[in-house]
Amino acid sequence: MAINAQEISALIKKQIENFQPNFDVTETGVVTYIGDGIARACGLDNAMSGELLEFDNGTFGMAQNLESSDIGIIILGDFNSIREGDTVKRTGKIMEVPVGQSLIGRVVNPLGQPVDGLGEIETTATRPVEAAAPGVMQRQSVSEPLQTGIKAIDALVPIGRGQRELVIGDRQTGKTSIAIDAIINQKGQDMICIYVAIGQKESTVRSQVEVLRKYGALDYTIVVTASASQPSPLLYIAPYAGVAMAEEFMYNGKHALIVYDDLSKQAVAYRELSLLLRRPPGREAYPGDVFYLHSRLLERSAKLSDELGGGSITALPFIETQAGDISAYIATNVISITDGQIFLQENLFNSGIRPAIDAGSSVSRVGGSAQIKAMKKVAGTLRLDLASYRELEAFTQFGSDLDSATQAKLNRGRRTVEVLKQGLHKPLAVEKQVLILYALTHGFLDSVPVDDILTFQDDMFDYIDSHDADIFETIRTTKDLPEEAVLDKAIQTFKDQSQFS
């Protein structure tokens with residue numbers, strides 16, 4: 001058999017031309033230190049800040065400190081099986097979390113992995129956890145109301161869609177209850193809710209999930225949990241993961257409400273990471289960029305311009321104070337970033353005034369422009385009335401005789417405090433809030449005993465529902481009050497027929 005050199009040469013050339021080199025080039029480094037959710041590695045000279053890195057066991061980390069000799073990495077998961085000397089490689093990616101409709105009704109960790117035992121989440125869409133906030137021209141002013149269903153908030157410190165309203169107070173003063181009630185009240189309001197639980201007990205998170213399920217709120221809610229037993233890197237990224245999920249809805253023209261419960265624990269987790277990474281400590285041992293930690297998170301909440309779809313993210317960040325000190329470092333930082341604060345006081349809570357909102361220290365800087373006309377009319381003087389009542393109440397403790405005008409103010413003040421009380425998980429529709437506040441400010445409650453105010457309120461709602469339902473319908477559709485004569489007649493007719501006449 002003759003061997004044709006030209007044929008062999010052509011065959012070899014063809015194979016060389018068709019040769020596909022099957023190898024990957026990856027930049028790897030070596031772990032030099034591991035512990036407390038932190039790793040240090042050398043050899044990754046080209047790693048970028050915030051880049052995802054992969055360890056031998058499949059766990060991911062995020063590059064934080066880029067130094068000349070090595071890099072500091074926070075580990076996003078179990079670090080117990082990582083050893084000194086293990087290899088770590090670059091991925092060339094930044095951290096992203098799954099987003100989209102399929103997350104609604106689920107409980108996930110900050111990596112977007114389900115922890116509710118209901119199977120995998122079917123979604124291919126992702127968003128980066130760190131993203132730039134909308135610019136000045138991409139926003140519009142807050143103009144639509146977000147009804148929390150809580151009389152004291154919707155009347156005194158109204159919240160608008162796209163606002164950041166801080167909820168601040170000591171532990172066990174009802175902060176989480178306000179958030180859960182606000183979420184429950186979003187039923188039928190075309191709002192997606194995201195509840196981010198940071199550093200809470202897993203049993204507490206479970207009970208909150210069950211409350212949401214009981215009231216049907218889980219149908220439009222995503223729960224992101226980084227419990228107290230999780231490594232601090234997960235507590236640090238949990239709020240960013242939550243807002244990334246919310247941004248998917250906002251940029252698609254929808255409205256989202258996100259609750260951060262609470263950012264004090266995130267700041268503590270970030271302080272822990274920073275100290276372990278040997279960053280220089282500042283005031284209260286927090287790192288110098290702790291303000292930026294929260295500002296870049298809360299600035300991602302916005303009301304987008306109509307050109308971008310008009311979607312919004314409304315944020316309710318929580319801060320826990322010690323002994324009512326709202327001048328602490330983290331508290332003042334977040335107060336300066338947000339558009340107002342709701343201050344909860346322990347002494348009000350313990351005296352049975354719940355929600356324990358201190359009207360004097362609470363403020364909403366932009367929510368007033370989002371309040372509906374009807375509420376503006378009935379709640380206009382409410383804050384002033386409460387402030388003068390508190391002042392007079394302190395004065396009466398000296399036991400001096402009071403003239404009839406002062407006594408009338410005190411009586412009205414006591415009834416105002418009573419009207420603003422509300423049961424747990426009983427949010428009220430805005431038209432019902434308007435009606436009871438109208439009855440209060442127009443003197444219909446002045447002759448009702450203080451202890452019977454809430455009974456009077458419930459009975460009045462039932463009566464108006466069955467006899468004058470068009471009053472509620474008018475407020476709901478026009479956002480304004482019906483004719484005063486119609487309201488006066490309906491309330492007076494109920495009062496004459498009731499036990500309070």
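Note: Cβ is positioned from N, Cα and C throughout, glycine not excepted.
Taken from Swiss-Prot as is:
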BINDING   Gly169, Asp170, Arg171, Gln172, Thr173, Gly174, Lys175, Thr176  ATP binding site
SITE      Ser362  site 'Required for activity'
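Positions of the features from Swiss-Prot, shown on the structure.
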residue: Gly169; record: ATP binding site; CB count, 10 Å: 27
residue: Asp170; record: ATP binding site; CB count, 10 Å: 18
residue: Arg171; record: ATP binding site; CB count, 10 Å: 11
residue: Gln172; record: ATP binding site; CB count, 10 Å: 12
residue: Thr173; record: ATP binding site; CB count, 10 Å: 26
residue: Gly174; record: ATP binding site; CB count, 10 Å: 19
residue: Lys175; record: ATP binding site; CB count, 10 Å: 24
residue: Thr176; record: ATP binding site; CB count, 10 Å: 20
residue: Ser362; record: site 'Required for activity'; CB count, 10 Å: 22
Residues within 8 Å of the Gly169, Asp170, Arg171, Gln172, Thr173, Gly174, Lys175, Thr176 Cβ centre (excluding the ATP site residues themselves): Glu320, Leu344, Glu346, Phe349, Ala356
Whole-number Å value for how far Ser362 (site 'Required for activity') lies from Gly169 (ATP binding site) (Cα to Cα): 11
Euclidean distance between Cα atoms of Ser362 (site 'Required for activity') and Thr176 (ATP binding site), Å: 17
